[in-house]
Every structure is written in structure tokens, then in C-alpha cells.
Amino acid sequence: MENAEESAIELHGDEEIIEVIDLNNAEPGPDDLADDLGDVDFEDPGNPEEDDAGWETEDEMEADEAEQDDSELTFSKHTGSVFCVSLDPATNSLAVTGGEDDKAYVWRVSDGEVLLECTGHKDSVTCAMFSHDSSLVASGDMSGQIKVWKVETKEEIWSFEVGDLEWLEWHPCAPVLLAGTNDGNVWMWKVPAGDCKTFQSPGCQATSGQFLPDGKRAAVGYEDGTIRLWDLKRGNSIHVIKGHDGHKGALTCLAFNKDGSLMLTGSVDGCAKLINTTTGKVVGVFSVEAKGSKDEEESNSVESVGFCNILPLVAVAYLDGTLAIYDLSSHVLRHRFQHEAGIVHLQWEESSSVVSTCCLDGALRLWDARSGNLLSEYRGHTAEILDFTINREATLAVTASGDNQAKVFCLQRPDR
């Protein structure tokens, strides 16, 4: 009998037996199935589209996400991407934004009313910020034209033109501007008098720079990975961190702790370095393990760094979406948060362990560096967030985006 059954199976070509079903087992017949279904209450199918009422397609879900807007206010005067945003330090009630439309606007965060339109630029405004006392606004464009405006009278009081502008910073307690350019020069001016001082170029791009909190020194990072600490009065470099101590690629960002004794630098080489500003010595190096190939490692640039004011912690944000929290004393990795897209900027709250990030996915996120938890996520932009800032009380954030808009978000937290 077995031989008869086996001969009944014929294989054709490359056919393969996937499953053998034994038909001899007692399976329920049609009559049995009819009996089982007899008690089922069949309803009128009605409109078949109603069956899908509780479900969303992937496209619909993406549309819902795009439509989500958690912001309190949208500023939409710009006609191109908004590259930068700052709050006035005196009251935190005014914002200044700079954009691809060659303009900067000073506006009220409460209602979006424009107080000052900064015009006359020849290229995208990539730097815009208030002076220490909020009386002046500086705007700088990519071509190197810098303008200073008096907020109260809405008049332009000073302007200067340098090479292609990389960054622009106000002095922490004086009407003094510091700027770095593509040709490596660093400029410092008293405004509006115009007294000018330049700091010797090493022959490569000055990619990042900042005043130290004491206002007497400045740190500048260069394209070749070198970091220089400058004495602003004498005009000479106090420390030059280069070679093995320096970075292997261009500097992207730098930050100081509250008293300026420590500096944290970030680079396209994927490392963040902790430097003693008194001795110029590197006292720590932070990096996360690269994911995969050498190419990925090279692309995992450090985009933003910062010190926590109340705990011995530092934050390092990477282009691959990693946010790493390190212990300042032991240099141990405390937490690692993964974002859906590259991080553009991070900012610690002034009096808490919360660090905020903005991303290329258009979201603003708040993380608790103590517990390692995601506290909040805010959406509303339809393109990447290119910059953001948070007020002193950490109750609102203002974002700048590639969707031509700036938005104000009210930061709600259960602990407030």
C-alpha cells in the first residue's frame, strides 16, 4: 500500500514539497462547520469603508505627524530657511531670527509682533544675537557683512565687512563683538566706536569661537583641529592645543563651564575634548563607539557640547543622533540617548539636570540626564530644526527651521 501511495506523488522539474497534509485525520466537514456557524450573528456589511475607520495607512500616519503642532506661536515672516535664533538676555521677551531671505527680525515671543526688521544684507543671515544688556542686535551674513542695530531706536549704528563669516559672538559684559572668518582671521570690535583688533590667522578656517566667561580671553577652533586661547588685551595666544592634543579634524563647537576653568570642544573627528583653560592641558577625551564602517565613524561628527550647571555632567551630541551624557570627574558614560535623526544643537537648562536637543527630524526633545528618561517631545515643524534656545526659567523654547518658520513652544513638565 505504501508503494502505491508513493508512486501517486509526482514531482515536476524543480518542484519542492513544502508541507504534507494527512487527509485521513478526522477534519470537520461542511455540515460540522455549518452547525458551528449557526449561532454566529451576521450583520449587514454596509459600507466596506467603515471597516477601515479605526485604522490608518502609513501615509495617513505620516500626515498626522506632519500636522501635529505643539507650538504656542508661529513666526512666519521669513521667506527662506531660518538659520539662527537668540533671546534677549535682559528680559527673554524678545527673539531675533536670521534667515536665508537675507534678513533678521526682532520680534516679541508673546505675540510675534515685529519690532525691528534688519535689512541691507547681501547673503543669508546666519548669525543674529543680542548684546549682554539687550540694547543692541548684531546680524551677520555668509558673505561677511556685519551690522549692529539699536533696538530702542530701530536704527543701524555700525557695520563692517570681513571675509566669509563663520561665527559671531557678543562679549559677556561689554559692547564688543568677536567674529571668525573663512580665511582664518579673528576680528574684535568695540561697538559703535569701531576700534578693531585682529588675531593672527594660522592659514586655515576659524570654524568656531567664543569669549570665556571672564571676558578677558577667547577660545577659537580651527579647521586643522587646532584650538587657540587668546589674550584679548595683548592680542597673543596663551595656549595652542594641536598635534596629538588637538583634534584630527575641524572644530565644530565649544563650550565652557560656569567659571571658565574648563572648556569642552567638539570636532568632525567624533571626539569631544575636555581642556583646562589655565594650563591648556587636555584632561579628558569623550567618544562613543562608532556604528559599523570607517566611513560611518568619519561621518559621526560632534555637533554640540555643553556643561550641566548643577551636576558634574557634560553632554555631547553627534550627527548620527546619539546624545551622550558623561560624568565630568570619572569620564564614564552615564546615559546614551538615540534620536531618529542627527542632532543639530543641545542646551542645558540653567538650574536643572534637563538637557534639550533639536534634530534634523524637526523635533525638540527634553531629556533628564539624572534619570536617563525622555521627558517631552515637541513637534510642529515640517523640516529640520536648525537652531533653538530656551529661556532662563526653562518655560519656553524658540526654534528656527528649514520650513521658513520660527516657533515658540511652552515647555510643560510635571515637576513644575
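Note: Cβ is positioned from N, Cα and C throughout, glycine not excepted.
As written in TrEMBL, here are the features:
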- 29-72: compositional bias 'Acidic residues' (COMPBIAS)
- 24-72: region 'Disordered' (REGION)
- 75-117: repeat 'WD' (REPEAT)
- 118-159: repeat 'WD' (REPEAT)
- 211-240: repeat 'WD' (REPEAT)
- 244-285: repeat 'WD' (REPEAT)
- 336-377: repeat 'WD' (REPEAT)
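The DSSP breakdown of the repeat 'WD' (75-117), given as helix, strand and coil counts, is 0 helix, 22 strand, 21 coil. Sequence-remote contacts of a segment are chain residues at least 6 beyond its ends whose Cβ falls under 8 Å from one of its Cβ atoms, and for the repeat 'WD' (118-159) they are 80-81, 83-91, 94, 96-106, 165, 167-175, 177, 179, 181, 189, 191-192, 194. Counted with DSSP, the repeat 'WD' (118-159) comes out as 0 helix, 24 strand, 18 coil. Mean pLDDT across the repeat 'WD' (75-117) comes to 98 in this model.
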